[in-house]
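Annotated features, as they stand in TrEMBL:
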| type | residues | note |
| --- | --- | --- |
| TRANSMEM | 36-57 | transmembrane segment |
| TRANSMEM | 77-101 | transmembrane segment |
| TRANSMEM | 122-150 | transmembrane segment |
| TRANSMEM | 170-194 | transmembrane segment |
| TRANSMEM | 206-224 | transmembrane segment |
| TRANSMEM | 244-267 | transmembrane segment |
| TRANSMEM | 279-299 | transmembrane segment |
| TRANSMEM | 331-351 | transmembrane segment |
| TRANSMEM | 385-402 | transmembrane segment |
| TRANSMEM | 414-432 | transmembrane segment |
| TRANSMEM | 444-465 | transmembrane segment |
| TRANSMEM | 485-503 | transmembrane segment |
Amino acid sequence: MSSMPLEEGQAKYQLDRDSAADSNVSLKENSTEASAITPTVGVTSGIGIVMGTLLSVEIFLFPGNVWQLTGSIGMSFIMWIIGAAINVFGGLSYTELAIMIPQSGADMAYLNHFYRHPRQMLGYLYAWMLIIIAIPASMAAQLTAFGQYIMYAAVGAEVYSEEKFVTYEWISRGIGAVGLAAILALNVASMTWVNRVHTALATLKVLIMLFIIVVGIVAVAGGLDVPDPGNWKEPFAGTSTNLYAHAQAFLRVNWALTGWIALNLIISEVKRPERTIPVSILLSLAIATALVLLLNAAYSFVVPAEIAFAAQELIAGSFGTIALGSKVGQVLVPVLLAVVGFGTASINFFSSSRVLHESARLKYTPGARYLSLVHAGSNTPRRSLVVLTMLTVIILVAPPPGRVFSFFIELSSFPMYVFNLLVLLGLVTYRLTKPNKPGQFRAWLLAPIIYILSCIFVIICIFLPPEQAAEGEIESSAPYYLPPILSIFITLVGLLFWHVYVIHSGSWRAALRLRPADRQT
């Protein structure tokens, strides 16, 4: 499960220590209010929230990656369908969790509920991983895509040519950094304008997706002068047999379809969650899966496989060039996708800065007093915005040249699978050892088990060696196992900070002495 971009307001939570006796991490919105929040999110608004999270820029980019990794258009369709089915099981499992542990904050709350010893350790490591790895890496991926599509509009398919790929990739990262500066300025300046921009871009995403689908249908119907790429003559020809490739493909499908977690983050605001959450998840996944399959079909009706494999996340640019010509399609579609990438990164930045801000309010971070302040004029946590910008810039420029977009996706996604696995193992153990409460929503027991097996598949297969790259195929210069190893290492570094900021309440002096008398119990 990815660190998906969250819609506005989904990450405003804080620790309610008075009600944390059972799980230590009851999360509650609006710290100035003593009374409970009145639930306002029904099925319609629930679908809107989940769909707003699902329809991110990755929906437009991942079809090219998944197609290239699976090796055939037929297998890529099957991968999307399997991913949708598994996400239904995951969504139903998390519905049970949301009703069993009705605390906003999702995995952080669930980890601390199921794993109470050592105190808050897994919940803290989850928050640490989000702030240090998952959020900056996911933003770096979105900003890189933003830069790549700007470059595609300028130079066309040359952007992924073997000779100039590294140069253009560094330029794309630079453009992404400029985009990040613009996002920072927007979020610092005015919440009103942030909301307006995000609302406009959410509408634009749907319109662009429908535009691409319609163009694809017109092309296959003969309304455009586009040669048949022949992708459906033998739809399974060239299917990869490499487990690493299929694990990477599933990782991207799962990233694109896990927007259902959004409702778990705001469970205190959901009306009748036992009905609202499963209905919202099932309908949203059905709509999103139908749209992404239509989008895949549109790409496959226009773009030959060899061009799609070279373009990967830039497949929408190739689609525009082939379908609409080099003067219109090469510029129009990439610019629109760049705008969508900018908007996705901005929404991610907005919500993620609140995660850092609230973690500081919990005194989970160094400089907590500094990071927890909110600027009165703009009503934004400016210091958290600046720190998140710095972390994102580090992740953006640090990796070696190559397929850096894929590097960021893998770095961000892998630790999420580990924590999802731990959460659902806790749920299954609870189901097998605790009696059923009458009237409580319970998912089919196989639902969390199937999702657990999918997590294990990805975690194991991502360490298997990939196939040797085809001649002319551009690869990252980093070892294939670097993203998961790096994410594990950085997450484990969080143990030191957990020891200081949870066990010793932020006192490095007490933590380094390691005297029993200094420890809190």
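One-based numbering along the chain as shown.
Glycine too: its Cβ is placed from the backbone N, Cα and C atoms.
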Result, the transmembrane segment (206-224) in contact with the transmembrane segment (77-101) (3+ CB pairs under 8 Å): no
Cβ contacts the transmembrane segment (36-57)/the transmembrane segment (279-299), at least three under 8 Å, sequence gap 6 or more: yes
Region pair the transmembrane segment (385-402) / the transmembrane segment (485-503), three or more CB pairs under 8 Å: no
Intrachain residues whose Cβ lies under 8 Å of the transmembrane segment (414-432), provided they are six or more past its termini: 1-3, 90, 93, 96-97, 100, 107, 110-111, 113-115, 122, 126, 129, 133-134, 251, 442, 445, 448-449, 451-452, 455-456, 458-459, 462, 483-484, 487-488, 491
Feature contact check the transmembrane segment (331-351) with the transmembrane segment (122-150), CB under 8 Å, 3 or more pairs: yes
Positions on the same chain near the transmembrane segment (279-299), where near means CB under 8 A and six or more residues out: 43, 46-47, 49-51, 54-55, 59-60, 63-64, 67, 73, 76-77, 80-81, 84, 87-88, 91-92, 95, 209, 212-213, 215-217, 219, 256-257, 259-260, 263, 308, 315-316, 319
Spatial neighbours of the transmembrane segment (206-224) far in sequence, C-beta under 8 Å, 6+ residues away: 55, 59-60, 291, 294-295, 297-299, 301-302, 316, 319, 323-324, 333, 336-337, 340
